[in-house]
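A short write-up of the structure that comes next.
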Amino acid sequence: MHNSPAAAAPKSFDLTSTAFLIVAFLTGIAGALQTPTLSIFLTDEVHARPGMVGFFFTGSAVIGIIVSQFLAGRSDKKGDRKKLIVFCCVLGMLACVLFAWNRNYFILLFIGVFLSSFGSTANPQMFALAREHADRTGREAVMFSSILRAQVSLAWVIGPPLAYALAMGFSFTVMYLSAAVAFIVCGVMVWFFLPSMRKDAPLATGTLEAPRRNRRDTLLLFVICTLMWGTNSLYIINMPLFIINELHLPEKLAGVMMGTAAGLEIPTMLIAGYFAKRLGKRLLMCIAVVAGLCFYVGMLLAHAPATLLGLQLLNAIYIGILGGIGMLYFQDLMPGQAGSATTLYTNTIRVGWIIAGSLAGIAAEIWNYHAVFWFALVMIVATMFCLARIKDV
């Protein structure tokens, strides 16, 4: 991927590309080992009520936004994302160790979540580094990013079933220590194999900047992605408890459902990346929203394991297109601001968690877990309204 003699090009190209793929997978697996079981961990191990579970997700998202915005400002100013990613991996590993051995709700919320926020920021910083690397080496950024996103989805194929197997078959301690190992290996890979890409002084920015262009459309896209990720967060928080406590189905089904959706997301992301220039990002996002609408209607009606698994195709289209195209949409609306654009996109995920944590906790506390899917349906309808007003790029 570097400009080098022909004889050396294949080796350099393969090494750098493989390193990015492995790091994308490892950052994905570290998250996929923790997030799917977190609501069950808080309920069964920490003994938190539904409202406290929702508040935990909300607080986690708020702290995550503060941390990621701070790191985005430093990364766009300093430009050396490699050391920053390694630093994030180290703190992510420490967070996993804390969750493995501690069961105090407030220690986990204020210290564990603070450390976890740095760990989760390793992923968007890796994508920002990949975008800059693709731009400087002339690689097709859309397809390269889609392939990396597919690696994260591959991690989510393996991660949720493995997380449930480790947590239910052994213990949550074993599960979190496994995630810590993933962070350690990821940090080593980044340090030795990813390129350092310092920015020149004229390109440096003093703070995390607002979009220089397309501000209205960037705001609309922020709302759209926030609502879409919010529905997905509602699903992740609520679905395992809904499956176990209301449908009385096996615990492992929740992990299989998440893994199935992630597996189907991989071809969805690659296809979306291929057709992004031909069909436009806006049309692809519209397709995703329609699939999401059908999915959440299905979740309100379905109760059989086979039907729940079949619905994951719609979920995969919904999240696969959002995950593969949403970040690129931000980057195209904010040219020259790769770090800020990527972090802004990532913060739509975190704001989605804020909304979802509050709604899931309140709905489950007052009504039941099934009622949460009605809130998701309303958010999908609001997304359609916003999507009709944004321009294509």
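Backbone N, Cα and C define each Cβ position, glycine as well.
What Swiss-Prot says about this one:
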TRANSMEM  13-33  transmembrane segment
TRANSMEM  52-72  transmembrane segment
TRANSMEM  84-101  transmembrane segment
TRANSMEM  105-124  transmembrane segment
TRANSMEM  152-172  transmembrane segment
TRANSMEM  174-194  transmembrane segment
TRANSMEM  219-239  transmembrane segment
TRANSMEM  253-273  transmembrane segment
TRANSMEM  283-303  transmembrane segment
TRANSMEM  308-328  transmembrane segment
TRANSMEM  344-364  transmembrane segment
TRANSMEM  366-386  transmembrane segment
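Among the listed stretches 105-124, 174-194, 283-303, the one sharing the most Cβ pairs under 8 Å with the transmembrane segment (13-33) is 174-194.
The transmembrane segment (283-303) is not in contact with the transmembrane segment (84-101), judged by fewer than 3 CB-CB distances under 8 Å for residue pairs 6 or more apart in sequence. Within its own chain, the transmembrane segment (253-273) has Cβ neighbours under 8 Å at 32, 36, 142-143, 145-147, 149-150, 153-165, 236, 239-240, 243-244, 284, 305, 308-309, 312-313, 315-317, 319-321, 323-325, counting only residues six or more beyond its boundaries.
Contact count against the transmembrane segment (84-101) (Cβ pairs under 8 Å) is highest for 174-194, out of 152-172, 174-194, 219-239, 308-328.
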